[in-house]
Structures are given as structure tokens and as C-alpha cells.
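Pulled from TrEMBL, these are the features on record:
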| type | residues | note |
| --- | --- | --- |
| COILED | 337-367 | coiled coil |
| DOMAIN | 395-524 | domain 'GGDEF' |
| TRANSMEM | 6-23 | transmembrane segment |
| TRANSMEM | 35-54 | transmembrane segment |
| TRANSMEM | 66-83 | transmembrane segment |
| TRANSMEM | 95-118 | transmembrane segment |
| TRANSMEM | 138-161 | transmembrane segment |
| TRANSMEM | 173-196 | transmembrane segment |
| TRANSMEM | 202-219 | transmembrane segment |
Amino acid sequence: MAPLALLVALACVITAATGYLAARARRGTPAAGPLTGTLAAVTLWGAAVVAMNAGTPRPWLDLLVLPQYLGVAGAVLGIRLFADAVTGRPPRRRRVLLLSVEPVLLLVVVALDPWWRLLHATVEHTGDPLLRFVTPGPLFWVHSGYSYLVVLSTALSLWQLRRSSSGLQRRQAGTMLLAVSVPFATNLVVVLTPAHLLNVDVTPVAFAVTGVLFAYAVLQQDLLRLVPVARSLVVDTVSDAVLVVDERDQLVDVNPAGRDLLDGAGCPGATAAGRSFREAVDPALVRAVGEGEGDVVATLAGGTQVDVRTRWIRDPRGRVLGRVVVARDVTAQLAAARAVEEANARLRAQVATIEELRAELAEEAARDPLTGLRNRRRFVDDLAQGLAATAAAGQPLSLVLLDVDRFKGINDTHGHAVGDDVLVGVAQTLSTHARPEDVVRYGGEEFVVLLPHLDADAARARAEVLRAACGQVRVEVEAVRITVSAGVATSPDHGSTPDELLLAADRALYEAKEGGRDQVVLAD
């Protein structure tokens, strides 16, 4: 391997290590991300150059051109984005996409160049170890010109930053400007030097210098980018109350916000410093601070509520020098929070009331207003659930479909008021002899009684009891004699669905009517 190739390999190690350091610091400064990307691209570029000068077989030599130019394009793009970051230009998606157009087109050209020969006009593989010699094609010069323009625009941005800044920031901009000029000049020499005089692309070596200088500017000089501001000025500027208590429990310092807080609590803030902490401040604040560290909300005299945070102050050896107390007025925030909680409580109460009303309305909608029994609105769904439950338990479920005999004649002869009395009397009788929730006014003069866990014979016997009880119903008109006919069906003997069971009971009821009324018929 040629000595220059070894130098490029060393440069790869340097750029990779520097990129690792930059990646670790990427959360501390926005410039670290583009710097990491630039160094990764240069490392890829250099690795491809080293591999191309290490006796690589011919097919691989041609394939290595793709990662080489990927590194070249990535380095140019990264330098531009790095300059944007250090000059305060936000990385917008459209700008990044525009800057990515040329690298993408370049990679397409590299991939198709064996057929086009627009990037490299000629390619020769000679020597031992085998090396790849090329002569530039027209698109090579287009790419080079574009890259130089991007690097020059980067240098111009850094120069403008240096001219408009002062002190340490000016030195930082100067360092980065020097870093950009090194690979620019080196690559210009590489491009213009004939291949037989310089057959190794040493530009990655120059980029190693660039990476180190960039990293120094970002990771070291950036620590001193801002002129130190007096700590007392910072404390005086913050809106929170800051009180410093020494190890003897003396109040040694109070910022303006702290003095205002003490004044509002009825304690003279202007004369508080130098006095005992317990004597100088509100007793509620003393209790909140306590004897050590902690976070607590205290209510001072006058109703002011403060969020109090207390921390130890220690020297480099860990010895306690005192405590710093930071208090923030949270009266308005807590009042707003209480108002929100009260509003939420009212809202929850309103929602609960609405749910109760909705449940009541749903229950009313599911009940017959005349008899108070459940109507058929929810009956089919309830029957389906009952069938599923009894089937799962291996138990039968029976139902009785009853119809008041000659009810139309009662209405026509004695009036609807008497007819209503008949229906109410039958409903009350059925509810007395069965669970009220199992009795349904099915429609008109028809009623349904559910008999869970009763087989066909037991259900028929219970239906006879119901029929006989209904025959005892009396109304004000003594001439009215009330009888009912009933059809009985049982699941699973006569059906396993609501429709099947109701149809079987209806057929049995029809037989009872045809057979002379006032009787019970069990479905076939």
C-alpha cells in the first residue's frame, strides 16, 4: 500500500474518532449533528480510497467508486448544513431536500457511468497492485464546480459570522473558516494534478484536519461562546424569590423578587438580609423550608400561596455551606386549578344526572303506561339473553303467551274504560303469581310470562294456575266475566331462539282459542 494511502487510513481513524465525540455531544449544540454526519461521510470516503489502493480485485475497484462518491457528496452536504447550524440558520426541510438533489443525481450518474462515461471519460486498471486510473468527464467538472460553490458559500457564511462577531465567537468563526479552506485547497490540488503524479485522493486527510478544527470549535470553544454573566445579576433578574440561608440559619441574601414576596407577607424585605431566617420571614415559610431539602406548597400571611423548593449548598469537598430557597407565587395557578376541579366536579355531577335521567327515560320507554309492565320494546333482547344463559347452564326456559278472551266484545259492549280495567287487573294478577320482571304486556290484550328453569310439564301446570287466577279478576261491571287462553312453549323442546319460541307459543295459543278458549295448550 502506498504511503499516501496509509496517511488516508490514519485520517479515517481520526475522523471516525472525532465523529464519535461529536455524536456524544449532539444534544449540547445543534452543530454537533451536521458535524457528525460530515465526519461519517469523510470516513466512508477515506475508507473507499484506502480500499482502492490496497490491491483490491478489479470488479471491486469499480464498485468502490459508489461509496467513494457517496462520501464526497455527504461531506459537501454536511459542511453546508454545519455552517447553517453555527450561523443560526434553522434546518428547514425544503432546504435540506434542495441540497440533497445533487448528491442523489451524482449517485445515479456514478451507477450508470460504466455505460455513459460522463463522469469518467476513460478508466484504466494497471499496475501491481492493481490501481484504477481515470480521466475526468464533463459531469465530473459539473460536480466539482457545484461542490466548490457549496464550499465557497460555506466559507462566505463563516466569514460574515466572523466579521459581525467579536471576542471568543470571532475566534470560533475564524477557526471554522480555516477548517473549510484546508480541504478546499487540497482537493483543488488533487483534481488539477495528473494521475501519474498523484494517484491517491488525499482530500480525506485534509478533511481530517477540518473535522478536528470543527470539533474544537464546537466542543471546546463553544463552552466559552458567551461572555460570563455575573451570578448576582442572574439571581436579581429571575422572577422567582431566591433566599440564601447560611449554616448558622442566617438569611445572607435575598433577591428583589424575594423582598417583594416578604413585603407581601407582612415581613420587611428590605431589612431581611443579615437577620435570623426564622425571625425575618413568615412562619409558614419557615415550616415549609424545614431543616433540610424538599418541595412543598405553603400559604403565607395574606393568602399568598408559594411553591417552595429548598436545596443544600455544598463546597467542592461536600461540606454544607447553607441552603438556597426558591419560592414561586402559585396563587393564581392553584386558584385556576381549583376552579377547573370544581368545574369538573360540576360536570361529573351533571353527567351523572343526565345518565340517571337517560336510564329513567329508557326504563319508561320500556314499560307499558297502562299496566306498568314491561313492554315488548326490550323483551326480545331480554329473552335472547335468558335463552343463552339457561342453555349455557343446561336448563330449560319456558314462556306462556296469554290472551284475554273476547276482549274486543268487552270494549264494544262496556267501553274502553272497562277494557282498561280488565287489562290492569290481569296484569296485577300475573305479577302476583310470577316475578314482575318476568311479566310483559306483549301487545293489545296479550301478555307473556317467562318461566326460567321450568320444563314443559311444569310450565303447563304454572300456566293453569295463571289462567285460573286471571279468571278471578273482577271489575266494576259485574256482568263482565274474564277468562284467558294460554299457549306454552319450552326451550329447547320447541325452539332455541326468541322467534322460534314465540311462534310455537302463538300456535299453541291459537289452538286454545279454537278449542273453546279459557284453556292452556302446550306446543307440539
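The backbone N, Cα and C atoms fix where each Cβ goes, and this holds for glycine too.
The structure displayed is predicted, hence computed values, not measured ones.
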Decide whether the stretches the transmembrane segment (66-83) and the transmembrane segment (6-23) have at least 3 CB pairs under 8 angstroms, with pairs required to be 6 or more apart in sequence.
no
Counting only residues 6 or more past its boundaries, what in the same chain has a CB within less than 8 Å of a CB in the transmembrane segment (138-161)?
72, 76-77, 79-80, 82-84, 86-87, 99, 102, 106, 109, 118-120, 169, 173, 176-177, 180-181, 183-184, 188, 191
By DSSP assignment, list the helix, strand and coil residue numbers for the domain 'GGDEF' (395-524), in that order.
61 helix, 31 strand, 38 coil
